[in-house]
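See structure below.
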Amino acid sequence: MSQGEAAGRSAAKPQDQGWAWMVLLAAVVLQGLTLGFPCCIGVFFTDLQHEFQASNSETSWFPSIMVAVLHGGGPLCSILVKQFGCRFVVMLGGLLSGLGMVSSSFCKSISQLYLTAGLITGLGSCFSFQAGVTVLGYYFVRWRTLANAVASTGVSLGFTLWPLLSQYLLDEMGWRNTFLIFGGILLNSCVCGAIMRPIQLAPGSLPQSAKPKEEPGSRAEEAQLSNGASPHHPTLQQHTKRTKCFQMLQKYLAFDIFCQNKGYQIYTIGVTWMMMGFALPHVYLVPYAIHNGVEERKAALLISIIGFINIFIRPLTGLLSGHSVFAGRRIYLFSLAVLLCGLSNFICVISAEFSVLILYCVILSIAMSGVGALTFQVLMDVVEMDRFSSALGLFTILESITLLIGPPLTGLLVDITSDFHYVFYNSSFFLISAALFMGLSFCALEKKNKLRESSKAHLDNPSRYQYSETSTEPKAESQSLPAVEYITSI
């Protein structure tokens, strides 16, 4: 065996074994610290209102900014990972998250919370989570799917534990000291990042897609240079800047896919509209329960029930949707889950008794598990995998906008009417309309493509006109190092 081959095998050894499982454990903790954290903010909603004499709309901006930045910061995180590596970005995110919550404990107005807990903590959580997911792709090849599934259980654990811890600390020492302690807890993301040491890959293990391709506009630039144009000529410099800017947009925000791919267009619009109502129960369920006479500890327990059920239902939903029977039809399962989310909200309108709210949480959690398990799998079905990363960039940016404005607009409606029922009416409206739009639109698109297929039956490959599942299995030569992607979770 040559020295090069021996070095290659030695370099690849950490994948799928040994230290990789420590990295997976760190990823589980990391997802609980980041994605699971915003769910506990509803516990502090009433106290923050009284402290700052703020309206429902003003108070809800704080969790909205946090969640929107957590979802929408993907492109920035992807750039940082490319420049500095996953380990650095995870630790940077932990530092920002801790700093944001420590600073929040000293805030004198609700608007200061928007900056500290909303923007700084949200951005830090985004960096830690998304870089932590990316590093799993480096450490796992054969068991990559299993690793991502196990890591996602951290979100459900966070949903279960954060509200209970929040209510206990709030009762014992108030919201300011609780936020200070949260800052210290979130700093543990730095410890998780330290575990994710860079992996040295075997020589020749880079995927073919990582090889430099000829960039759009390069031929035009070469032609101008060959005609005697100076590379420092102002016109050529402006053209080069425009070309680079266009290339960045194409890489991280796939507007061309949005315009050309009808399936991606329908799905992106549907999910963006859905997010206007999806986060409302997480923000307002605890205040709604307290407003209707439920004890504060019991109200906080409602969010924990949702998280606890998610621990078991989400993996089962992922396994079920992966069955060959649902190949190419996962969009309909997703629409059904969104529809169930919307319909479940009417339970809260009927009654606000604790036993009824528990029933609501059970049904909502089952439906949410379907939404969370299928969101990105459906996106993989409608977009080619070589463009998935850029398609995901536009997708997360658009959904983060509606995640940002949905809760404050609903809070404004509650302030005007003094009726918390409008939270659940609004949520149901957006969820049900989004589910019907996606389900019916994809059904119509499928029928249209079948007609097109029958009219072009003489073509060698008519299946390319159908909406169908795109294979997401990585090629053998490209399994060891994935492209840097930014991934979110619901």
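Sequential numbering from 1, following the chain as shown.
Glycine is no exception: its Cβ is also placed from the backbone N, Cα and C atoms.
The compositional bias 'Basic and acidic residues' annotation in TrEMBL covers 211-222. The domain 'Major facilitator superfamily (MFS) profile' annotation in TrEMBL covers 20-451. What TrEMBL lists as region 'Disordered' is 205-237. According to TrEMBL, the feature transmembrane segment maps to 21-45, 61-81, 88-106, 112-139, 146-165, 177-196, 266-287, 299-319, 331-351, 357-379, 391-410, 422-445.
Against the transmembrane segment (177-196), the recorded stretches 21-45, 299-319, 331-351 differ in Cβ pairs under 8 Å, and the greatest number is found for 21-45.
Spatially, the transmembrane segment (299-319) is not adjacent to the transmembrane segment (61-81); fewer than three Cβ-Cβ distances between them are under 8 Å for residues at least 6 apart in sequence. Counted as Cβ pairs under 8 Å, contacts with the transmembrane segment (146-165) are highest for 112-139 among 112-139, 391-410, 422-445. At the 8 Å Cβ threshold, with sequence separation of at least 6, the transmembrane segment (266-287) lacks contact with the transmembrane segment (88-106), having fewer than 3 such pairs. Contact count against the transmembrane segment (88-106) (Cβ pairs under 8 Å) is highest for 112-139, out of 21-45, 61-81, 112-139, 391-410, 422-445. If you look at the transmembrane segment (422-445), the same-chain residues 6 or more away from its ends with a CB under 8 A from one of its CBs are 262-263, 266-267, 269-271, 273-278, 280-281, 284, 288, 331-332, 334-336, 338-339, 341-343, 345-346, 348-349, 406, 410, 413-414, 467. The largest share of C-beta pairs under 8 angstroms with the transmembrane segment (391-410) comes from 61-81, of the ranges 21-45, 61-81, 112-139, 331-351. Mean model confidence of the domain 'Major facilitator superfamily (MFS) profile' (20-451) amounts to 84 (pLDDT, 0 to 100 scale).
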